Amino acid sequence: MAIEATPWRRVTTTQEGTPPFSVFTKLIQKSAQDDREYRIIKLENGLKAVLIHDGKADQAAASLDVAVGHLSDPDDMPGLAHFCEHLLFMGTEQFPKENEYQEYLSKNNGGSNAYTAASNTNYYFSVATSALPGALARFSGFFHSPLFAPSCTSRELNAVDSEHKKNHQQDLWRIFQLTKHLSKPGHVWSKFGSGNRESLSQAAKNLKAEGKLSMENGHITSASTLGVNPSATSSRIASPAPSVSSTNSEAEADGGAVGRETRRRLVEWWNKEYCASRMHLAVLGKESLDELAELASKYFSPIPNRQADPLPMIYDHPFGPAQKGTMLSVQTIMTFHVLDIYIPIEYQAVYWRHKPGQFLAHLIGHEGPGSLYSYLKGRGWVAALNSGPSPLGRGFDTFRITIELTEDGFKKYRSVILATFKYFSLLRSSEFKSYLQRESAILSDIRFRFLEKRKPDQYVSSIAERMTNPYPLELLLAASSVTWEWGADYPGAVSAGKEKVNEMLEQFQLKNGMIVLMAKGKELEEVLGLGKQDAWEKEPWYGTAYRLERLDEDILRQTSSPNDLPELFLPGPNEFIPTNLNVDKRDHVEPVKRPHLIRETPLSALWHKKDDRFWVPKAHVMIDIRSPVSNSSARSAALTRLFTDLVTDSLEEFSYDAALAGLSYSCTSHTKGMYVTLRGYNDKMSVLVQHVLDKVKSLEVRPDRLRVIIEQNKHNWENFFLGQSYQLSEYYGRHLMTQEQWTVDELLKELPTISTDEIVEHAKKMMSDAKLRILVSGNVYKDEAVKIAEMAEAGLSASVASHADLNDRALVLPQGCNLIKTGTIPNPNQANSSLTYYVRIGSVSDSRRRVVGALLTQILTEPAFNVLRTREQLGYVVFCGYWSLAGATERGIRIVVQSEKTPGYLESRVEAFLEEMKASIEAMSPEMFEEHKSSLDKKWREEEKNLAEEASTFVSHIHSGHLDFYRNITDANTLKDITKDEVYSLFMSHVHPSSETRSKLSVQMRAQKVRPTRISATASQAYEALESISDETPTIEDFQKYWSEVLANEVQGKELIESIVKIAEKHPVNGEGQDPPRSGATYIGDMKEFRASLPPSEDLGAMVQWGDLPVSKF
C-alpha cells in the first residue's frame, strides 16, 4: 500500500529571531470570488496559523482561538475562563502598561474584542495595515507572558460581576443558564460560564474561613514561581478627582488575601490550559505570505506547548433519563410566549460534508405551503418558528425548535406540540425526493462561489474558531458553508446522507426530548392550572422560577402516532433558484464612488449605480416611500408600523423560497414613511419586487392577522422598558432632541382601538400622498432600474409636500445650557442605573467644526473606556462616540455609562474625566496628535468590503437628503491641516464643564433596586479590617459578621458592632444613596413642553448639487 507523503514542508528562515515552522502544502480551496492568498503553517510549538494576504486591504486583523472555554472551569470556580479573558488584557512582560494594547489599536484605526464560549475562547483585533507588526507584538504577549497584574485583580472581578448583573434580567441568559443547571448530575454543561464575583471568590473565602490563607499583605506565591512576570511599574494612575476605586491601596486593589488566592488559582489554571497546541491563529494583512509567516513565527513561537490534549472532546450528552420526556415551565421577565423543543443529537461537525442537521432544519423551519409553520399560522397559533442544530460543547449538540406563540397558541400549546411531532412523523415516513437535498447543495455552492468580503476582524475570528472543527485543512474555507450532494464522498470524510437523516429522525420522539414553555408567571399558572399549593423552584445564579415535570403518557402516545394532518406535506421545487449568474466584469475600470440620479419625476427620484467593484450577480433595491400622513400623530405612526408588519406577514409563504435562494426583502416603517428593501441575486429580483409592491398597494387586511400583529407590537413595546438600562437613557436622550417622534407609551395607547378598515384607509392615504426616494445598485443596468422605479410609481400619487417637509429634523439645544432629565428604571429588579451625557458640537453644515468634533471624539474614546470602566470600574457598559441626531443634521459627543452607582455620581465621574482630558489634550505631544489624525484619516478612507456595505453608505445619504456621497473623503482632506489648538478650543468651548457656552443634556435613569448598605474604604479604616474581609466595600452584614466573630469575647464588642451602622452613614460609599441636586443644572420636567420650547435644526437639503440630469435613456 502506498503511503501518502506528509502534507507539511519544514521551512527555516534566514530572518534573525524567527524560529522554523512547517507549511501545509495542499492547495486551499477558496471561493472563485476571493482574490486573497492563503497559507496554513504550523509552528514548532504546535500552534497552527492561517495566513491571509490581501493586497487591497485597508485594515489588517488577527484572531487567536484557544480550544478551551468555560466547560473547563474548575468545579469550585465557575467563570474562571471568562475571568481569564478579562485579566489577560491587563499588560504583558514586554508591554506592561495596562492599556497599552487598546491605546495602540485606537491610535491606528483599530479595535479589539474577545468572547468566552463553552469550548473555546476567541480573541481578535483590527488595526491599520501598517501597524500590524506592532499589534501582533502586543497581542502575542497575552499568550506567553501576561502579567495578570495583581493591581487589576479586584477591578476585573468587578468587571465580570458587572457583566453578569447586566445580563441578570435578560431572559435569554436566564433561560440558557437554567437549561444548563438542569443537566444530568455531574455533567460539565451545568457550569455557570459567565461567573460573577461570588462564584470566583468563594473557593478562596472558604480557605480563609478554614484558616488556610495567609493574612499577610503580600503574595502567597510569587509571580515568577507561577511563570508570570510581575510588572516593573504600576499600571494604575491616580484619578485627578479621586473615586472610591482610586483611593484604595494597592493591597485592596489586589483583593486582599482572597483576591490573591483567586489570582493564584487563575494563573495556575492558565498555566495548565493555555497551551500552544490548543491555539489556532488567523492573520490578515497586506504583507506577503512569507512576511506574514515570519511575523507569526516570531511572535507566537514563544508560547509554550504544555503537552495538553490539543482538542478536548466531550461526547457525553447532558440529557439523561431524568431530562428526557419532560416539560420545563419557565417564568420570564419580559412578556412573550415561546415554546422550545430540545432533542439531543450527535455531534454534527463530523458530518460537515452533507450536514444532516441542516437538512432537517430546512424542512422543519420551512414557511411555504404544507409546512409546519404554515399549518400553525393558519390556526392563529404562532408568530414565528425557527429550527436547527445547536452546538453546545465540542462533542455534543442539540436540535432546537423555537416557536413564538400567539396568546391563542399559548393556550393551545399541547396542540402545537402535537402538530410539531406529527410533522416529524411525516418526515419519518417520507421518501425524500432528490431535488430537496440537491437544491440545498446547489444554493450553498452558489453562496460560496459569490462569497463577498466582510470586516477583517470578523473574518479572522471565524476562521480561527473554525480551525477546531474536523475539516480537512484544504477545505477549511469551504467545509462550513458548502453542502455536497448525497453520494458525493471525500477521502476520510464521514458519509451522512439519507440514511443518517433517517437515523436522526428516529430520535425525534418526545420521549427523547424536553419541552420548554416560557411566559410570565401568572400566565403559566393559569394555562397549566396551577394553584398556590404548586411550588416553583429557583435556579441559583439568576433566581429564575421554574417547574420541571414529566410529560404525561397521553401526549407521549399521541406524538408518536403517524401523521394524519393532510395540511402537512413536503415543499415543492424552488422556482427562485437563480440560473443567470452572469456578470459583465470589466478589467482596469476605475470604480465610480457614488450613485447617479438617472430619473426624476414629481413622484420619485431614482439613484442608480451599476456595480463596478465587487462583480457579483447581486443587486440592492431600496424604495423609501415618504408621506406626510405616515407620522402626523401617534395613531398614524402606529398605523404605519402595523401596516408594514402586515405586509411582511402576508408575504411569508411566497417569499420564503426566495429567501432560501438568496433573495430577501424587508418592509419597515420609519418616522417619515416606510422602506421596502430588497437584496440578493439579481436574476429573479424583478419578480420579487413586483410581488412585494403589489402587496404594499393592495393589501387585504385579515382581522385574525391584525390581532396577532397588534399583540406582537404590544409585547415588543412593553418589553422595551425591561431591557438594558442604558438603552432607556439613550432612548429618552434622542427623544428629547427629535422633532417628530412619539413615545412608546403614546403608541401603546393607540393599539386597542385600531381596526382593519382603518389600516386599509391609512395605507390608501399614504399611497395617494407620497414621494419616493429609490436606490438601485449592483448587477443591474439603467433600463432595469427605470423599470423598477416605474413599478414603484404605478398606482401612487405625488405628494404636494416639499422635500424639506419630508426630511427628519432634530431639535437644537440652547447655547449655554446644563440640562438634566431624570427618570426611574421600570423593572424593580434591575440593579443598574444609567447615564447618557451629551454635548452639542453643531450643525454638519459647518464642515470644519464637524471634522474637529470627529477628531476630538477620536481622542476621547479610548481614555473614556480606560478611565471610567477599566480604572474606576463604574460598570461593564461604557462608551464614548460621535452622535448623529435625527435627520443627520446635528452632531454631538455623548458618553454612556451603565452602573450600579447612582446616575448623579456617574455624571460627576464623567465630568472628572473631562477635567482630566483637559490636561491630557494640553500636554499631548505633536507626535501623538498626528497619530490620532492618522487613525481617523484611515477610518474615513476605508473602502466598503462588499456590495451591501456600499449600498448602505449610499442609502444613508439619500435618506438624509444631503446627497453628500463624498463626505468621508472631503472630511479626510479637511483633517490634514486641523491643529491641536482647534481641538483644544472646541473642547473648552463645547465640551468642558467650565464652559459657559456649551450645550449639554444628560439623561439620568435610576434603578429602583436598592443595594445593601456597604462599608466605604474610609469607614473600614476605623476598624482596620478591609484586608481581612477582602472585598473593597463589604456589606454591613458581612462587616458586622466579621467583627462579631473577632469581638465575641470582648466586653465592649456589642457597642462597637452597633457603631458600624453610624460610621457607615457618616462615611457612605461614593455613588450610593440619594443623588443631591446638581448646582447650576436645570432639571427637565414635562418632556412635551421641553421639546416644544426647542427650535428645529435647519433643513440642509441637498448639500451637493451633482447635475446628473438630463441623462441618456439607457
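Glycine residues also receive a Cβ, built from the backbone N, Cα and C atoms like all the rest.
Here TrEMBL flags 223-250 as compositional bias 'Polar residues'.
Positions annotated as domain 'Peptidase M16 N-terminal' by TrEMBL: 49-185. Summed and averaged per residue, pLDDT over the domain 'Peptidase M16 N-terminal' (49-185) gives 96.
Sequence annotations record features per position, and here TrEMBL assigns domain 'Peptidase M16 C-terminal' to 262-432.
According to TrEMBL, the domain 'Peptidase M16 middle/third' annotation covers 448-750.
Per TrEMBL, domain 'Coenzyme PQQ synthesis protein F-like C-terminal lobe' is recorded for 855-954.
Residues annotated as region 'Disordered' in TrEMBL: 223-258.
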Rank 49-185, 448-750, 855-954 by Cβ pairs under 8 Å to the domain 'Peptidase M16 C-terminal' (262-432) and hand me the top one.
448-750
Per DSSP, how many helix, strand and coil residues does the domain 'Coenzyme PQQ synthesis protein F-like C-terminal lobe' (855-954) have?
65 helix, 18 strand, 17 coil
Per DSSP, what is the residue count of the domain 'Peptidase M16 N-terminal' (49-185) in each of helix, strand and coil?
63 helix, 27 strand, 47 coil
